[in-house]
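In Swiss-Prot this protein carries:
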| type | residues | note |
| --- | --- | --- |
| BINDING | Ser30, Arg31, Arg78, Asp260, Ile261, Ala262, Val313, Gly314, Met402, Ser454, Gly455, Ile456, Ser457 | NADP(+) binding site |
| DOMAIN | 99-162 | domain 'CBS 1' |
| DOMAIN | 164-223 | domain 'CBS 2' |
| BINDING | Gly314, Gly316, Cys319, Arg322 | K(+) binding site |
| ACT_SITE | Cys319 | active site, thioimidate intermediate |
| ACT_SITE | Thr321 | active site, proton donor/acceptor |
| BINDING | Asp352, Gly353, Gly354, Gly375, Asn376, Gly401, Met402, Ala403 | GMP binding site |
Amino acid sequence: MAALGSLPTLPEGLTYDDVLLIPQRSPVRSRKAVNTSTRLSRNIHLKIPIVASNMDTVCEDKTAVTMAREGGIGILHRFCSIEEQCAMVRKVKRAQSFLIEDPRMILPSATKAEALEELNWSGRKGGVSCLMVVDDFTSRRLCGVLSKSDLIFATDSALVETLMTPVSRTVVSTNTAITLEEAREVMRTKRTSNIPLLGPKGELLYLITQSDILKLTGNRNATLDSRGRLIVGAAIGVKKEDHKRAAALVDAGADVLVVDIAHGHSDLCIDMVKALKVNPLTNKVDIIAGNIATAEAAQDLIDAGADGLKIGVGPGSICITRLVAGSGVPQLSAVMDCARVAKKHGVPCIADGGVKTAGDICKAIAAGADTVMLGNMLAGTDEAPGRVLVKDGKKVKIIRGMAGFGANISKAEREKRLDEDVFNDLVPEGVEGSVPCKGPLAPILKQLVGGLRSGISYCGSHSIADMQQRARFVRMSGAGLRESGSHDISKL
C-alpha cells in the first residue's frame, strides 16, 4: 500500500524527443569558431565529444583508428579473447606515431647491395629513407645512420661502416619522453630529418623521422597520446578473468579501460573499479564505469575511484532491458541526474544510447554529458566490423546488442565453453537487426560535429562548457515533435 500511496509523487522521466533547446542570442559569427573539445575521463581529452560504442558490430581497430584521427575515440569491444583484443589495441597504436619502435637496422659489415635491399630502394611499399647502423641486433648499440644519399656514388661492395654518418656526428636524444613539439624544434634547430632515441648504454630505442611528424601535424584534429600515437580505449567485464584482461590491455597500450556491464550500480562493478585503481598494473590509466542511470549510482562509482561514468540503462536501439527487466530511466533525465553529481567531483560523463540525430547529441551535452557514445549511428560504416548482407536488393550490415543472444553465443564459442547451460541460462536483453551500409565513417562524423556546432551556437555559446551553463530546455507535446521534422510534403 505504501508503494500505491506514493504513485502521485512519482518522478517524471524525460528523453530527447520530449524537449528542445531554446534558441538564444548568439555572438558566434561562424560555426568554425565553436570549440567542440571535451574530456572523456579525468585525464583523457578529445577534440570532438563522440565515442564509438564497444559493440562487436561497431568498434574494432579500424573504427577506433578513424575515430581517433577525427578527434574522438573508439572503445574496443570485449567479446573476443584477450589476445584478440590486445592485438586490436596494438594495431591502433601502430597506425600513426612519431616514435618508430622497430626502425630498420643494419650492421656495419653489410655491403651497399645489402643496404639497398633493406632500404627497399625500388620504392615498393614499406621503403624507408634511412637505416640505423647497430653493432649487433641484440644490444642494438647505435654506431651511425645510413641514408639513401650516402649510397648514390658508392660501389656495390662498399661497406656500410665506410658510408654511414657516425654516431659522433649524428643528432641523437636520450629523452624518451620527448613530445612531438620538442622533436620538431630539435629538427628545426639542428637541421636534421631523423632523431634516434637512445637508452643509457647507447642502445637504440626509437626513431623519430621528419616524414612522420609531417603526417601528424597535417591532421591537428587527431587525439594522440604523449608519444604521438592514436588513443584507444578497451572494454572489460567484472569477472575474475577480467583482471588479467585489464592488465594485458594496459600493457598493450590501451589509454583507458571501460568497466562495462548492464547494471553498473552493483557491487561487482564497484569492487572491480576499486581493484583496478589499486592494482599497479592497471592504475596508470583512467577507469570509466557503467552503465548507470541515477545520481546514487554516480556517487558510488565516483567514491570507488571511477574517472568517468557511462550513463544509460535501456535507451539503445538494440537494447530491451526495459522490456525484459522493467528497469531503466529515460535517457535525458538519467544524464541530468548523473551529471549533476559528477560535475561536483570533476568526473566526466558519457551519454550512452538513445541518440538518433545530431540534435540528440546537442541535447545530451546540454543536459550535462561530456561525450556521447554512438552505436547505431556508426554501425553500417565501412570501418564497422558488422557482416554485410543484401536485404531487399540493398546492402545492409548486422548490428546486435551485447546483451543479446547472438553476441553471447559468439563469445561462448570463442572461449570454447559452448554447452547446453549457456543456452539455458541466457536471458537476452538485446536484439539483432540491420542498418543500411553508410560508406566511410569520417564524413558521418563531420556531419554530426557540424550539427553540434550549430546547436552550441543556437544556445549562444562558443564551447561545450559554455553551452552547459547557458542551455535552457522547453518541453514539447507529441504535436511539437511531429512539427519538428519534415511534414506536409512528399520526400524525394
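Each Cβ is built from the backbone N, Cα and C atoms, and glycine gets one as well.
Structure coloured by features recorded in Swiss-Prot.
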| residue | record | Cβ neighbours (10 Å) |
| --- | --- | --- |
| Ser30 | NADP(+) binding site | 8 |
| Arg78 | NADP(+) binding site | 22 |
| Val313 | NADP(+) binding site | 27 |
| Gly314 | K(+) binding site | 24 |
| Gly316 | K(+) binding site | 26 |
| Gly353 | GMP binding site | 26 |
| Gly354 | GMP binding site | 24 |
| Gly375 | GMP binding site | 27 |
| Asn376 | GMP binding site | 20 |
| Ser457 | NADP(+) binding site | 21 |
For the domain 'CBS 1' (99-162), the DSSP helix/strand/coil residue counts are 15 helix, 17 strand, 32 coil
Of all the binding-site residues here, Ile261, Arg322, which one's CB has the most other CB atoms within 10 A?
Ile261
Summary of DSSP states over the domain 'CBS 2' (164-223), given as helix, strand and coil counts:
23 helix, 15 strand, 22 coil
Averaged pLDDT, computed only over the residues in the domain 'CBS 1' (99-162)
85
For Cys319 (K(+) binding site), the three-state DSSP class is strand
Tell me the Cβ neighbour count for the residue listed as 'active site, proton donor/acceptor', meaning other Cβ atoms within 10 Å of its Cβ, over all protein chains shown.
22
Taking the Cβ of Asp352 (GMP binding site) as centre, how many other Cβ atoms lie within 10 Å?
33
Between the binding-site residues Cys319, Gly455, whose Cβ has more other Cβ atoms within 10 Å than any of the rest?
Cys319
Could you check which of the binding-site residues Ile261, Gly375, Ser457 is the closest Cα neighbour of Arg322 (K(+) binding site)?
Ile261
